[in-house]
Every structure is written in structure tokens, then in C-alpha cells.
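Novice: According to Swiss-Prot, the protein has these features:
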type	residues	note
DOMAIN	296-567	domain 'Radical SAM core'
BINDING	CYS310, CYS314, CYS317	[4Fe-4S] cluster binding site
COMPBIAS	618-632	compositional bias 'Basic and acidic residues'
COMPBIAS	633-644	compositional bias 'Basic residues'
Amino acid sequence: MSENKFLPICKDDMIERGWEQCDFVLVTADAYIDHHSFGTAIISRVLENAGYKVGIIAQPDWKSVDDFKKLGRPRLGFLVNGGNMDPMVNHYTVSKKLRKKDLYTPKGEMGKRPDRATIVYCNKIREAYKDVNIVIGGIEASLRRFAHYDYWDNKVRKSILVDSGADLLVYGMSEKQIVEVADFLNQGFDGKYIRHIPGTCYIADSLDEIYEEHIVLPSFKEVSSDKRTYAECFKIQYDEQDPVRGRTLVQEHNGKYVVINKPEMPLSREELDRVYALPYQKTYHPIYEKDGGIAAIEEVKFSIVSSRGCSGNCSFCAITFHQGRIVTSRSEDSIVEEAEEITKYDDFKGYIHDIGGPTANFRKPACKKQLTLGACKHKRCMSPGICKNMEVDHREYLHLLRRVRKLPGIKKVFIRSGLRYDYIMADKDDTFFKELVEHHVSGQLKVAPEHVSPNVLKYMGKPAGKTYDEFRRKFFRITERLGKKQFIIPYLMSSHPGCKLEDAIMLAEYLRDINYQPEQVQDFYPTPGTLSTTMFYTGLDPLTMEEVYIPRSKEEKAMQRALLQFKNPKNYNIVYDALVKVGREDLIGNGPKCLIRDKNSFGKGNNHSNHKSGGRKSRNENSGRRESEDKKRSSHSKKQRGNKSRGFDQKSQRSSKGKKRR
């Protein structure tokens, strides 16, 4: 592949194109991958399509200004993003330990991007070119546009627009607003005076400079000094996060005013088709070949993005604050054309890995009202149950999948991005479910029930546990009829706000009853921009302002995590301590309902648990299970659940992330 098909990354590339100067230089914390799953590729190609000359500086050395000068001063300004993932999440685990690999960097090498990359890069650009326009965007900037709790510093930080010193922030997917910003810059406007565009943020010196209808939020000083005020502030942000009915929000930061304009409308189907038809090279830049390429491309190379936005609104997911609740999708023809293109790749083996998005089986707005009235302000589409106005329909998605799997050269089309199983169960037509199981499962179907405790599910904004039970039973019935050996891999989360040890034990009992042990368990990770993170920081549910239990200590987090893997001998002591701590010694012993054996039996040649932990059955929900999987929990468990439900019935539901856990 010729290097000149990529956008310029050095002066020689500019000379080859006959450019004396770039209009924009885009600085990113990721390696340069020209694929539409990466924001750098989309924004640069959209601007190129609008007639602008864009150069790329990927993973510059931030210890000097030299790399920031290698394409020269751009005519209109610098664009800066922190990569496809918040740099702090990219660097650190939930326990704040440094990760071993960076999949967006050659050789997976750590240390090629700084913490808080957007801020660091902007400071270096200012050092190189003092008065140049700087526009920031991407996931890091989008989710940190307000004063926000930062888990890694364990404090409230200012809006990233203030800390970075940038002139303008574009949030969300940003294709519309970045072109409009570019056009105004091209007309001679300074970036800091471009103030009317939806989906952007700017800084005003006084409230008199703000002409739009707006709401003044509690100031940075107020939210950083009082947790109740922080929660109340988040509730306003949450309610106004809508492109139709949302209003401009204003937050004072030390005498200046961060102005967050209402969100931009999502792209129409025709606009999405044009964006995804731009001349992406669909791979990493050739300069990385000597290092073995970039691992991040492997997950998306044979996958197709079909939609944006999510109606699920899970409390721990940032999609609502980034892509929004209104779902839009590409046309069938656009997706089929991309699938045909993929079949021509030299290394394509006949398998499309995914056709999906934040939620694969969402293709349209939840109801007809959303595009004219916006998403509902005081209720969610799918929690605690599916709204009566939600249009549940898989026909278009099913027709799309059929078209793609019939293409010459395609052996299988898999679905690996999130599927909402409650949406599948709400569809009165079983055709999609049957064809999903028959044609689109690569041996294992990954879904995200996350928990079974009604109390925890309520705070997560997830469907009731019985919905997942119904789904898995139906999945196994269809699988058995087809004569297949397929499994379900449920994603589970420990230590979410509202989750007590009793709730974790309830989940452990459920796993015991279905004879399943997860290989990995995800602790709740408080990331910027989510409802759950606000609960974690404040101990309050912003939607009700009632107190929420937060598992904070390392000891309790370890107990909750170990309970989900109670069959692992390494976890015996901590599971034992957890059960004793809450008076559940009835689960210690030799009975069929016990999670672990007593200490007199453990270590004397006997298995530490009454439940086998080896083999595939312990890692997957086996399609061969019968009635034993579906037995009711012990009477003690039922009593526990009943008590929990009654104790929390006044608390309202929460909303959503993801990274693609649906």
C-alpha cells in the first residue's frame, strides 16, 4: 500500500503532495491508524473531504517541542485528542496499577503517551506556537468537559478546556461541528470566539457574553467542596444531555465561565453513509510494519460499524455523554459495500467478525418521538423495563445480516459487539433469535447481565435477572434443536455502587446453580462522565439524592471479586471470611448448596468446593444443561432477595457504558 494514500506525517509527505503548509495538524496519543473505528481517522478524513489539508502527528515525544514542530505551524490550527481511550484508563487498571501493554502503540509498548495526554500536548503546542488556535476533542475531552471527579487523583478536576488552555472543545462524534469550526477559522475567526455551534464548549469572561438560553451550574469551587452539590450538578448535566430539548450549560471556574453548548444532532443515515465511505486505508500507517504493526487494528479489521448511540443507558457507561441516547445507523447498502471490500483483503479468511455498534441490535431511535421531542427527560427507554413506546423490531438488522452472509467469499458473519438480550426477548417474532443462534455465534455468545441482585441491577440501570434467565434458557433450547455446542459468556461486575457483600453472595449462589465460574471478573471502574462514577464519589444517587452504599475498601472489593470465583482454591480463605462476615456459614460445608467446604475438610486431599471447577463447563454456560441449572435458589436466598427488594423500592433507576458492555 502506498504511503501517500495516508495523510502526511512528515515534511516529505507534504512536499510529495505539493503542500507548503497544512491547514490543520492533528495530534493524537494513539499510533496513526486510518480506519473509521478511530476518531483521528474520521475527523481527518472528514476535514479532507471538506477541502482542508490535514497532517497527523501521532504519539509525539512530549518531553520537547521538536515533534510538535515537525509539520510546521498549521494555517488554521491544531486539533488534539488523547486517543481512542482515556489515557488514564489506557495506562492504569482499576486498582491503579500500570498496565503491561498499550494496544494502540507499536509493540504494545507502554510509555509512548503521557498521562492526561490532551493537557500535556496542548501545553507543548503553546510552547511551540504561542497564539495558534487549538481545538480539543475525542473521548478524553468529551467526558471531561465539565468539572469532574477524577478517580486517579481522587478529587474533582476542572473542565479539561480550562486545564488544557485550548481555545475550543468539540464533544461527541464531532463530524458536523468540526467542519463548521474549520469553516469559521478559514473565514478568519479566532477559535475562542466561535461560540454558537452545538456540540462545542468555549470560555467566556462574563455571563453577559452568553446569548443563548442557558442554565448556570454550581461552580467548580462549589462542586469540588461539597459532594451533594456535585451530585445535584451532575443531575442537571444528565437531564440536558439531549440534542433536541437540551439547553446550554454554564459553569464558573475561578472567575471564567465554561460554556457547554447543547449537543449536536446525530448524523442522519445519509450523512453516516458518506462518513464511512471516505477513503480510509483501513489499516495502520506503513511506518509501523517494522515493529509488527498495531495490535488495535486486529479487533476491527474485519468488523463493520453499523450504528451509533445507545438506548440502553446503563449507569456505568459513558455512551450517553458521548454518542447520546438516540440511535442512528448506516444503510444496508453502505454496510454491504464495505463487506464486499473486506472480502478483497489478502488476509481475509471468510469471517466477518462483527456488524454492530455500541449495541449491535439497535438500528433506529427507540421511538418516533425522539427525533422531534428528544429522549425522555425523567425516564429511560429500557430500565426498569422496556418502555411501552419502544419500537422493538429486528427485521432490518436481520435482512442486513442475511445480505452480508450471502456475499461471495463470506463463510460466516459473527456478532461480537454488545447485544441487548432484553430487547431480543421483547421481540414477539423469534426469527432473529433463531438465526442469531444458527448463523452468528462463534461458539460463544457474549452478553452482559452484570449481576442478579435486584438492588444492584437497579443502580446499574440493567434489566431484571429473570430476563437473563429466560434468555439463556431459550438460547440453549434453540442451540440444542440445531444440534450445536454453543455457550454463553456472561460479563459480570463486582463492587458496583449499591453492591453489598450480601448481593455478591447472591450472585455467587446464582453462579453455583448454573454451574458457571467466570474466568475474569471486572471490578467497577469509575471513569469520567458516568452516573455510576458520580454515585461512587458522592455516595448519593443523583437521580433521587438518596444515599447509596459504596464498597470502597480493598478488603471488601477483594471479597466481592473472590465470591464470583469461589471455586478457585486460591480464593478459599477470602471467600470463607466473606461468608462468615455476613453470617452466611450455611454456605460453608458439605451440602449441595454450600459454596465451599469447611476448614476441617479443606487442605486434606478434598476439593475445597463441592462444585467442580475444571473443564469447559465451569467457564461457559453449557448448552447441554437441563433442569439442574434452573432450580430455585435456597429458601435463605429467596428471603435475602425479598428483604433487599423491599429495602430499596423507593430508589429510582439509573442510567448508562461502556465500552460495549450491554
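Yeah, the Cβs are placed from backbone N, Cα and C, and that goes for glycine too.
Walk me through the surroundings of each of these features.
Specialist: Annotation note: CYS310 ([4Fe-4S] cluster binding site) sits in a coil segment as assigned by DSSP.
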Novice: So for CYS314 ([4Fe-4S] cluster binding site), how many other CB atoms are inside 10 Å of its CB?
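Specialist: Around the Cβ of CYS314 ([4Fe-4S] cluster binding site), 30 other Cβ atoms lie within 10 Å.
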Novice: Would you count the other CB atoms within 10 A of the CB of CYS317 ([4Fe-4S] cluster binding site), including those on all shown protein chains?
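Specialist: Total other Cβ atoms inside 10 Å, all chains included: 29.
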